[in-house]
Structure formats: structure tokens, C-alpha cells
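> One structure coming up, written as C-alpha cells, with questions to follow.
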Amino acid sequence: MVGSVLVGMLCAHLLCFAVMFLLISKRLQGKKMGMDFFAMGNLLLGLAYVLQLVEGGPAWSMMSVVNHTLTLAAPITYGLGVMRFLGFPAPLWRPLAAFVLAYSTAQALIQWSLGPVARYAMLSGMSALLFLVMTLAALYGVRTFAKHLYREMAFFALLISGICILNAIKFIRLLQGGLEVLHMDSSFQMVFYIYMSSLATVVPPFMIWLVFRRLTDDLSQMAARDPMTQLLNRRGLSEALEQHFNLHNVAPAYLLLLDVDHFKRINDTYGHQAGDTVLRHVADVLRTTVRRGDLTGRIGGEEFVAVCLDSDDVGVVQLAERLRAAVEEQAIHVSGHDKPLHCTVTIGVSPRFANGHALEKALRAADVALYQGKAAGRNRIEKAHAFAHIAPLPGAGASATT
Ligand SMILES: Nc1nc2c(ncn2[C@@H]2O[C@H](COP(=O)(O)OP(=O)(O)OP(=O)(O)O)[C@@H](O)[C@H]2O)c(=O)[nH]1
């Protein structure tokens, strides 16, 4: 009786959260983050437990075959959902259909050749194996593809390793004691159902938390980046610099302000779309030319920024020269035009500065140098005077610059 109540509650949890996952996945539209798969997984497992309740105990029937197949199809679907969440393009229907066919056939063969105990043991053994693979994948993910979800993946691995262990114990007990073990009110089954009910209560809010985290991460990424080039915007640069200087003992930085020469002429001659292609090209050059760890941004129409971290007066000018030469040398292919375009940039270099608050001052200093570079003929590098010679921005406090 108690066993049936536990299984009934488990069904209710699974099916309710299946509906919730489905509603969330509908809301997420294009980027469902595996929520539709989790809804399907919960539905399959919920239905499997409904069948178990209806059956009452071990039996050889179509219902039992379907029950076993659904019980294993659910973790496969969850696994595929986790892959989706992590950004791998996992398909659902084909692997699921292939599994349903293969496992239903295997059940018939095992039942006829080895008997019912072997069929139930196969279910527990396969479940233990599947959850073991999922636990190992989660642990592997902690060190590799899901490093940013370190705590979440470790917690997930802990939870599912519990089901793995319980199924492994059930497998052994089935082989030793036969189908008696599966009696709904046996103490082992009670522990099993209580653990499953706890999981069915804990895991869905946990998954929803993961989606929420991903969405808020995406939002802050969007707020910090320029949508056209995916470089940092002014806000993103400021935050990244703050973070950099919050680390102890970091060397001062330099700011390079790049402006595409005669960009209005490019727009006017080739059109706005060609202008956008040129901007994306300059962004790519910037991204690929700076050192790993340096910051790159777009702060206005055709104005770009590189913040050179951990360098010196000679190194920063070398970087500026590399950037200038790379932009000048590379041809830009624009759709609708046979001949590739060429463009140049003028670069203003700020004096070095040592805290995140100095960004505005550094921009101002680099801008003055840039203006001088434009006046001197463009396609060149101009290094700023010391900050002391630059008129302070309205409202800017004294910054610890060097
Ligand atoms: N295609 C495109 N054009 C933009 C974008 N943002 C600003 N612009 C254009 O960039 C041009 C900037 O022109 P100016 O400020 O006169 O500078 P310039 O022509 O590059 O001249 P110099 O900087 O003096 O060499 C303007 O025509 C803007 O309309 C953008 O996102 N895409």
C-alpha cells in the first residue's frame, strides 16, 4: 500500500514537471536548451510508473514490455536533453525509435530464453549502466566541456550516481533472490521509490535554475557586447577592465583607439552594407591580432578599441603597428562587388594606466592622439602625451594612472 502511494506521488511529480518543462520550452522558442527533451523524459518515466501501478507486480505482458522500454527510454532522453543544454545538436526521435525497437526485441528474447528474472535483471542492469555512463559524462564535463558549470555538474553527478547504485543493488538482489525483491512494499523498493521521488522533486527545479542561469548569462553577454561584431561595447570594456585590475599585481594597460579612415566615403561609394562588412572585417583583424587576454571592443560607428594588458611602451607600439599593417594589407570581399575593398585605420595610443576607472581618461587621451594622427595624414599611429596634458572629462575623478 505504502509502495503504491509512493509510486503514485512519483507519477504526479514526473507528469506535473513534464507539463512545466513543456511550457518553458514553448516559451524559449528557438533555443529550447533541452527543456523539450526533459519534458519528454519526464512523460516517458511518468507513464512507465503509471503502467507499473496498473500492473501491480511483475508479469509477462505487453504492458510490462512497454513499461520496461519506457523506463530506459527516459534516461536516454534526459541524456540527450543534457547534450542539447550544453549546445550539442543531439537528435531525439531516431535514437529513441531505434532503442524502443531494439529493447522490446531483446526483452522478448531474454524472457523466452532465460526467463522473467533475467528480463527484470536486464532492466536494472541496463539502468545502472546508463546512469553510470551519465555520472561519468557529468564528471568528465566538470573538467572539460562544462567547466563553467562545475558545481552544478558535480551535484548532478552525485544525484544520478545514487540511482546507478540503487539499480546495481537491485540487479544483484534480483539474481540472488528472484522476483520477490520487486514486491512494492519490500523495504528495498521503498528506499528505491523514496529516492526516485526525492530526485523527481529536486532535479526539475535544478534544471530550471540551470536554464535561468543560462538566460541571465546570455542577457549580461548581450548587454556587454556589440551585436554586429560581437566585440565588447563600452560597458563590457569597463566591466572587463574592472575585473582585470581587481586581480592583484597586474601590470598597467594601454588603450589603442582605432578609427577607420574615410569610412564615410566607403559607405557613400559602396553602400551601407559594404560599410558593415568592412566593420566586421576590422573587428576580425582586431580579434585575431591582439594577444590572448587583451580586450577588444567597438565603442562607436567606426571606432574600435584594443586594451593591451601586460605590455610596455615598446610592445604597445609594436601591437599598434601590427594592427595598422594587418588592416592595410588584407583585402575585404564584399558581396555584389567584383573587386575587393581595402581600408586603413589610424590608431591613437593612450599612456599606460593602472585601474579600471581610468578607462574614460585613457579613451580621451587616445582620442586626442588619434585626432593628431588623422590631421597628419591617416593610416598611422600616434602616441598620446601624458595624461597630465589632457583636459579632464567633466565629472571624472583623479585616477591612479602612471
Ligand atoms: N555602415 C555603417 N556605417 C556606420 C556605422 N556607424 C556609423 N557609420 C558611418 O560612419 C561614418 C563616419 O564618418 P566620419 O565620422 O565622417 O569619419 P570618416 O569618414 O571615417 O573620416 P575620418 O575618420 O576623418 O577618416 C558616417 O558616415 C556614419 O554614418 C555602422 O554601424 N555601419
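Backbone N, Cα and C define each Cβ position, glycine as well.
In case it's useful when we look at the structure, here is the feature table from TrEMBL:
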DOMAIN    251-386  domain 'GGDEF'
TRANSMEM  6-25  transmembrane segment
TRANSMEM  37-54  transmembrane segment
TRANSMEM  60-80  transmembrane segment
TRANSMEM  92-114  transmembrane segment
TRANSMEM  120-142  transmembrane segment
TRANSMEM  154-172  transmembrane segment
TRANSMEM  192-212  transmembrane segment
> Take the C-beta pairs under 8 A between the transmembrane segment (120-142) and each of 37-54, 154-172, 192-212. Which stretch has the highest count?
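That would be 154-172.
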> Under a Cβ pair cut-off of under 8 Å, which of the recorded stretches 6-25, 37-54, 60-80, 154-172 contacts the transmembrane segment (192-212) most often?
6-25
> Going through 6-25, 37-54, 154-172 one by one, which has the most CB pairs that fall under 8 Å from the transmembrane segment (60-80)?
37-54
> Cβ under 8 Å to the transmembrane segment (154-172), counting only same-chain residues 6 or more beyond its ends: which ones?
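Counting only partners 6 or more residues beyond its ends, the transmembrane segment (154-172) has Cβ contacts under 8 Å with 121, 124-125, 127-128, 131-132, 134-135, 138-139, 142, 181, 188, 191-192, 195-196, 199, 202-203, 206.
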> Where DSSP helix means H, G or I and strand means E or B, what are the helix, strand and coil counts for the domain 'GGDEF' (251-386)?
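Per DSSP, the residues of the domain 'GGDEF' (251-386) fall into 63 helix, 30 strand, 43 coil.
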